[in-house]
Structure formats: C-alpha cells, structure tokens
Amino acid sequence: MPFTLGQRWISDTESELGLGTVVAVNTRMITLLFPASGENRLYSRSDAPITRVMFNPGDTVTSHEGWQLKIDDVREEKGLLVYCGQRLDDETPAELREVFLDSKLTFNKPQDRLFAGQIDRMDRFALRYRARKHQNEQALQQWGGLRGMRASLIPHQLHIAYEVGQRHAPRVLLADEVGLGKTIEAGMIIHQQLLAGRASRVLIVVPETLQHQWLVEMLRRFNLLFSLFDDERYAEAKLDSSNPFETEQLVICSLGFVQRSAQRFAQLVNTDWDLLVVDEAHHLVWSEESPSPEYQAIEALARATPAVLLLTATPEQLGQQSHFARLRLLDPNRFHDYQEFVAEQQQYRPVADAVTLLLAGEKAQAAELNVLSDLLGEQDIEPLLKSINSDSDDNQKARQELITMLMDRHGTSRVLFRNTRQGVKGFPQRVLHQIRLPLPAQYQTAIKVSGIMNANKPLETRARDMLYPEQIYQQLEGDDATWWNFDPRVEWLLNYLTTNRDEKVLVICAQAATALQLEQVLRTREAIRAAVFHEGLSILERDRAAAYFASEEEGAQVLICSEIGSEGRNFQFASHLVMFDLPFNPDLLEQRIGRLDRIGQAKEIQVLVPYLENTAQALLVRWYHEGLDAFEHTCPTGRTIYDAHHAQLIERLTTVGEQQGLDEFIHTCRQQHDSLKQQLEQGRDRLLEMHSNGGEQAQLLAQAIAEQDNDVNLVTFALNLFDIVGINQEDRSDNLIILTPSDHMLVPDFPGLPQDGCTITFDRDQALSREDAQFISWEHPLIRNGLDLVLSGDTGSCAVSLLKNKALPVGTLLAELVYVVEAQAPKHLQLTRFLPPTPVRLLMDRKGTNLAAQVEFESFNRQLNAVNRHTSSKLVNAVQSDVHAMLQQAEALVETQARQLITEAQQQADLQLRRELERLEALKAVNPNIREDELTALENQREQVLSNLHEANWRLDAIRLVVVTHQ
C-alpha cells in the first residue's frame, strides 16, 4: 500500500500507543509519530506491522479539538481520507481530514478493532464466548448466593436462607438452637442480598468476643472481606472521611464500640446501611418501663436500616417478654403492645395443636374437625376434612394442604425461624469420660498461698483462678516454673495420645499460654505432631494450623486450642475432645463441645475430662454433669440455672474444702433443669418448626445444589480462564491446585488472587476438611472477577482463524458473530433473573446464510487454526467490503431472535412478579405479618422491571473471520 504523509495508522503489536501519523517516507523505511504517547517508530516499508485506520459511513469519530462527527460519506484526496458528515454538538455539516483525528482514539466495537488490526488470539475469542454462555446460564439459576459457600449443604439452613434471601428488605429473627448454624444462615442471606444487588452496605454488630469469629466465618465461608472497626481503625478512617463508617461497605463492630461515644453512634446511624445483622440479640435487655441503653442503640440502628437480621437464643429460653422485645425491633408498628402480643400468641395455640394432630396421622374427632373449620373458615375445606379421616390415597395430600393453609395464618412464622435439634435430627451421641486424678502437693501449696494473698480480690475473680491451678503455680513460682513435669493431666494426655495414634484429638484449654506449653511438652517428650490455635495468631496462621490438623497425610494428630482462639472454628472430622480444664459458664462449655458436635459429624463424640480431685475443677465437673447434664446433651437451661445460682456456685468454687450441702445443691439444680426442659418441650411449636426446617422442599433444594457441585463445565472453564489470564497452576494430590501470579498476566493484579498465591479445590468436602483450600464455584470471586475481566474489556472481541477443509473452496469466507441481548437497569431490580446478557451466535457466509444451527461452536472451534496478527490484518484488509455486507445481513437476522428473547423475558417477568404479588396480598388478608411496604416495593419493582425490559437492546460483542484453506 502506498504511504502518504499525514495518513493515520495503528500499530498491530503496540496498540496502546494510540493513533499514529506518517511523518517521514523514503524508499525503504517509514516513520510514524504517535502523538498520544509522544513516541516515534521506524518501520520497514515492505513489511510494517501496522494497519491503516479507515472509518466507514455510520461510524462516529472524534477530532483533535474534541468535537464528534457522524460520518455520512468518505472521499480520498491525494492519498488522504476526508470524512464528511454532521457534527454531533451543533448538528452542522462538516468535514474532517484524517490528519486531524484524535490521536487517543480507541476502538470499542469489535468490527472497528478488527479493521484497525487490533486482532486478538483465537483462544481468547473462544474464552469470551464460553464466558458469555456460562454467565447467562448462572444468572438464570434460582439459587444464586447459596451454592458458593464453603459449608455443608444442610437442608434447613438452605431453606431459611433461600426463603429470607429472596425478600425485599427482610426483617427476621433467626432463633435456631445452638449448633444448628445461625451464623451460616445469616452469611448465606448476606451473600444472596449482595450478589442480587438488594444490599451493598452491611453492618454486623456482635459481642466483642465474637468479632473475629464473624470476620473469619464471612471470609472463609463466603469470601466476604469485612472490615473490623475498633478504636484504632476508627481513628485511621477518620483521617479519610468526616464519617469513618462511609469508608467501607462491609463492617463488623462490637456493641461496646458502638456505645462508647455519642458522636460515633450518631455517625453509625447516619450511614446508609442496607442490612443490619445483630448477633446474641437476646442479651439486649428490655422492659416497657426501662429499655437498656444497648437495646435502645440497636433500636435506633434497626429503625434507620431497611433490612434487619437478629440472631438470638430460642424464644422458649428467652421467655415471652424478651421474645416480644426482639420482634419489636423488627416491626415496631406490628408489635407495639406487649399485652396484645401475649393475647395473640394464645390464639395461635389451637393452630399449633391442629398441626400436631395432622402430623400425627391420627383420625380427627368431631371437636377437632370443628376447630379446623373455625381456623380456616373463609375457605371451602369440607372435602379436605373428609379426606383426612378416610383411608383413601388423598389422606396424606389433604393433611399436607391443611398444614400449608395453617402455616400461612401462623402469627410470626414470616419473621421468626427456629429449628431444634429434635426437629432437625442427624446429631451424634456424646459420651463423657471423667478421669479423676490426684492433686499434686505443689498445687495444694500454691492454692493455699494464693487464697491468703488474694483474699481481697473479688469473689468471682478468685473462683475463676481456682479453675486453673497451673496458672496459680506459675504466678507464684515465676515464668520458669515447669508445672507440666508434675501435673498428672499432662502425663494422662501423653499416654492417651500415644495409645490413640490414629485418632484426631482436639484439646481445649482456657489460656493461650497453657496451649503453647502443652504443645512444647508433646513435641519434646513424645514427638507428637501438634498444631496450636490461640488468639495471638493471625487468621492466616490459624488457617494453616487448622489445615495441618485436618491433613490426613503427615498432618497433626492433635490441635491444642485456647478458649478464644477456637471461636468460630469447627472440626467435625475429629470426634475426640479433651477438656484440659473447664470453662466458667455453661455457654462456653457448649461452645467447646460445639466445635465437634455439628451437623455432619459422623461418629460418637468422646468428651474426655481429666480433672484434679478436691479442686474447683472436680466440683464443676459434677455440677455440669449431674446438675445440668451439659456434657452428654445440649443444655438450653444452662444460662437460666447459672444466673439463678451464680452467687452460691462462686462461693462453692472458692471454698472447695467445705462442701456441706453440695449434693442438695446439685440435686436442686437438676430438678430445675428437668422441669425447665419439660416446659421447653411442651412449648415447642411444631408448626413453627415445620415452617423453619422447610420439610421436603428443603431436602429437594439441598439435592439440587449438590447435583451442581463438581460441575465439569466449571472445572474446564476455570482452568482455561487461568491459562489464558496467565495464572500459574500446580497440581497437588487430594484434588488441590496451587495458583500463583505470573509475570505475563493479562492484568498485573488479578482480583481475588493473593500475591503469594492460594490453594483451590472444586470439591466441597475437600474444602471443608482443608482450611487453607478455597472452594471454587461459579460464585467465587476468582471466577466472577475472571468473567468480569474478560467480558467488560475487549479480550477476545475479534479474531481471525483458518479452516482446513477440502470440502469447501479455498478462500471461502465465514463470519462468526456473537451478539449480546441485554437490558441496562439498577442491580437491585435483578433484571438478570428474566433477561441476563444473552449471547446470540450467527455464522454467516457471503450469501447471507446463517449456518450457526448446523455448525455447533465447540466442534467448529476444534477444526480451526490460529493466524499471526500481521497475516490476520492483511486478510481483513483484503475482505473488508465483504465483511461490511455480512454484518448488514446479520443485523436483520439477529433482530428477530433478540426481539423474541425480550418478549419472552417480559412475559415471564410479568407472570412471576404478578403471582408473587397476588400471593402476598392473599396472605396479608389472614396474616398481619405481611408488611405493607413489602407489597408496595414488589409492585414498584414489577413496573420498573417491565419498563427496563421494554428498553432492552442488542449489540455485536465479538467477531471472528474464518477463511478456508487447503494447506
């Protein structure tokens, strides 16, 4: 091609230089100036890796002065192009010589990039098309936010999360019994709300001791990186913003931190949170006359935040007044009068009794049939009532239908979810082993001396000290005191571990110092492999320790945890728990056993308690076991009895030698425990349990998600993505892959990939047993960021390939076109449920025939060969006019398909949202817990969704030219 001064060209190999201008030409060489980058390049005339930039009628170009021109015609004058058309700013006719084009011009349309020589690799085109297809398929899945969590698929948890996560601004109480996974349920709801765009700012308020547990759980299980706000972090953020809380989207803080400063609290309330989560909400004290400051603080936050999740103990444990106080935070208009609430609850008793009757499968008596008729009076249920007393096949179906109707009328079932272990099932037995050991003389002396020296300390402090004789001894003898040389618990532990070499054993003690000293003794005396877990370790260090313990090959036999260090970690792959000492209250005891006693635990849990006779430990073992039955069963009454007998218990712990009346004390506690437990059992609300555990629907949901695990398409796509992005992959045993950044990645920092790399697995069970392995799903940030990286930029948007096929004439030209049909709308409308960005593939020949239906993408792609960029540019220049004609023919074809997709999406959205609205309106007639704002929001959402779908459009997303060759 002849070169003329002033012509505009673009570099095939350095497109980032911008638009170049020919500034010098001689017989062998040409010089290009790239004004945007200030660079010069010298090229050989005969084989320069550059492409002439030529625009066509219909294109819009920008001048060096900034104004834009819509091109109507192009003419050539002395080797230079002149673009004629209309200016967009003042709509006047204008001409623009190519020398005056803006040098920073970028080519966004695939066809522009193709004609400008910015041609990508063939494998990137294939990756882009696959990314479009997978993104479309995943958007249509109805369980978004539930599949990617690093947790077992427990039906009742999935049911609650799905039920609540789908709502507009959910305001609910999660009150499952301990060990049933309230934190995971909350995490799934948060994850769903964030992915769906219903929430973007989340505040979690927890007791100070649980901050790190939540931080770890959200990161490890859901890949949600929360910021922990304490005094130090607050002071730092204050330098960047007048309201420090606006510097982060996802925040965790403690209730104490919230309350310590009026200014800070005001800033927190004035931040636009979308979702508020409050853990341990039962500690918020309320009475009609004097609500506590903590309660009032959360009340103010709940009033200012659209969505609220309260995590709390079960209503039966709390008592009705405390339960009402929680509900009042969620909906003060609905729950405004306590006496009215009590009366209303009494009315639900017959509903719950009716459900119990139907569940039992027994025939209903006349009085019971009358109760059912009264409860469901506005509907014709006569045929159903006849069926439940017949022996017909419809009996069970009729019972289920009546239960569903009753559930709709249940007062608080939309705002309260509560599962019990009894209702959920699947928990292991706990077996207690008490190991009584003699009290060493050294400890006897230390305890006596400590009692004299610390006589002025508060009684509770002295009682706590008495539980840890090794700490007392060390305080008296100094840091060099080697208590482990004479403490019989250490000798017993060594023998136990050497005898049970094949068992994974979790050892928990109160203090980090004790944990570290025990690890040293095990290592030096018996070469026992042990990992240590304490509050002084970072999250990453704890992950490594937990992974070392979890590993079957060369892993640690024992993990030694401090009380605080073990919070929020579960090790259900182990079944042996050694309590080297005992915690001070029953909640902490349950928390310790709860590390192993989870759903998914396959074996009986062996709870081993070595204790020293004639000490506070010995007394506490008896009280926990004989008084509360807290070792072998969960103890919902523990806190109530502990609070009632707190003073007497403390006194007995500090005066171990004088234990008159101990048997009576323990007997009294046991009687109260049995009585309270019986009351709780009688108060069980079977209807609420049914609603909360989801029944058969929950089982089907878990099954459906499990079937998507180990998705072969995900594995293939992910490995292909990592290859093309340039991420190093190293296969390890046990389905593990190590990913590390390389020096030649598409982007310098791939979002979600740490600088030092990470270990991944596609296997859920493997991820659960390996704390250091990330569980890769379609919802994982590595995959979502990878999809965004490919689809939001130009990666793979144009390519050229050769097809070796002797059945076709040489030079046959095909254009593979990928259009995207999409609607632009705010994320919270979730338009992707109905019309996610949808790829439409056409395969055009020169005659305008679409061959896509006959030629499947993957098989076609396997037959193609790559072409280098320079040759590709020459091919494109040779067939440019043909490609323009093919694109025009394709426009008419794609319009038909696109309009059909848009119409179907509109119909589906209208039907689904109308049904949802009608269901809620029908429920509102019989259940006052349907909030008016929910109905209004749903109606508004329907109108906005349909309006935005009406505006949906389509565009060319990628183009690949295919030329037939016989060589």
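The backbone N, Cα and C atoms fix where each Cβ goes, and this holds for glycine too.
On a predicted model such as this, the values are computed, not experimentally measured, just so you know.
When Swiss-Prot is compared with the stretches 279-282, 487-490, 635-638, the one noted as motif 'DEAH box' is 279-282.
Through the fold, the motif 'DEAH box' (279-282) approaches residues 173, 182-183, 186, 204-207, 210, 214, 298, 310-313, 317-318, 322, 326, 329 of its own chain, all at least 6 residues removed from its boundaries and within a Cβ separation under 8 Å. In the structure shown, across all protein chains, Asp176 is the one of the binding-site residues Asp176, Glu177 with the greatest number of other Cβ atoms within 10 Å. Counting residues per DSSP class in helix, strand and coil order gives 2 helix, 0 strand, 2 coil for the motif 'DEAH box' (279-282). Annotation: Leu180 carries the greatest number of neighbouring Cβ atoms among the binding-site residues Val178, Leu180 [cut-off 10 Å, Cβ to Cβ].
Considering only the binding-site residues Gly179, Gly181, the Cβ with the fewest other Cβ atoms within 10 Å is that of Gly179. Mean pLDDT for the domain 'Helicase ATP-binding' (163-333) in this predicted model: 88.
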